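Student: The structure that follows is given in the form of structure tokens.
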């Protein structure tokens, strides 16, 4: 009975955390601006160029702008929870550490492994999307060639080995090895580039906007495109669109994994989470507005809606500008997916036996070194 009691006590034991900003194994070098850029880059990604058109065409129509507003409100509540935990528990590990502190070790163990799975799958999917987007710009040359030379006829596996996706992931993983400050500079540059393209799309799109596209009558739209107007699929369509739009705000949680690398986590983490969600909402709101004003909602292209609307109005050269922004967004999104893995794995005692033969930190800089980077990299390779 005594051992059984001790076992169950171990499952719910909590980890005490003392808030001492000077007690960190990592170099506190990130600022509020760095965290905000990380949150925007991880959240915005390629979705800004795809999501609005997809939701507008089949679910919400022009009311997609309200769908994004509802999704943003829901995301803010989740973001505020992360913000409070980030301020109270300024430690690396995100939801794993928060669960360990509040509900116990068993729940933290389950949540921790689920988070690792989330980031690994996210890294793999974004890397494949990155590779596919580049290949699409060159008419699918890489895919056709690899399917001919190295076909993989295995169920539930890609039809060909995606070396480009692997190479991009490896490059960003190596970039993280140089230190979090250096990788944050890379992220800041590409986030600014992505936001610049989004602003360009909003301004250019507003020139070609036609308010009549929000006032289409039922006789002007196809039979399977609702009833026209601002709510062609009704209030239910708008709410269904909001559920889909919520996925466009996922990614800001990577900010919470930087608790031991921020100069002032109790201030910077809450502010950066709120700011990143605000910027992301404004970007989605602006893009969805001009998209549905430029082209009738039922004509939106599901695969590449933003480049399509500029081609529709005769501005084909804008397609390449949008492509630059999309690649920048994919770069920051992929970096945001890889970034939490080594930081997140750091507090895991259960991992130490597998990686004990490598040094943990680079002494001169207090950055995560090969041990921490390898954890994330091997998990990606395993997937």
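Every residue, even glycine, has its Cβ placed from backbone N, Cα and C.
TrEMBL does not curate its annotations; it predicts them automatically.
The feature transmembrane segment is assigned by TrEMBL to 35-52, 64-83, 95-116, 163-180, 187-207, 227-250, 271-300, 320-350.
Give me the local environment of each listed feature.
Tutor: Same-chain residues lying 6+ beyond the ends of the transmembrane segment (64-83) with a Cβ under 8 Å from its Cβ atoms: 52, 55-56, 94, 238-239, 241-246, 248-249, 252-253, 255-256, 269-270, 273-274, 277, 280-281, 284-285, 288-289, 292, 297.
When Cβ-Cβ distances below 8 Å are used as the criterion, the transmembrane segment (227-250) is approached by residues 43, 47-48, 51, 54-56, 59-64, 66-68, 70-72, 74-75, 214-221, 277, 280-281, 284, 297-298 of the same chain, each at least six residues removed from its ends.
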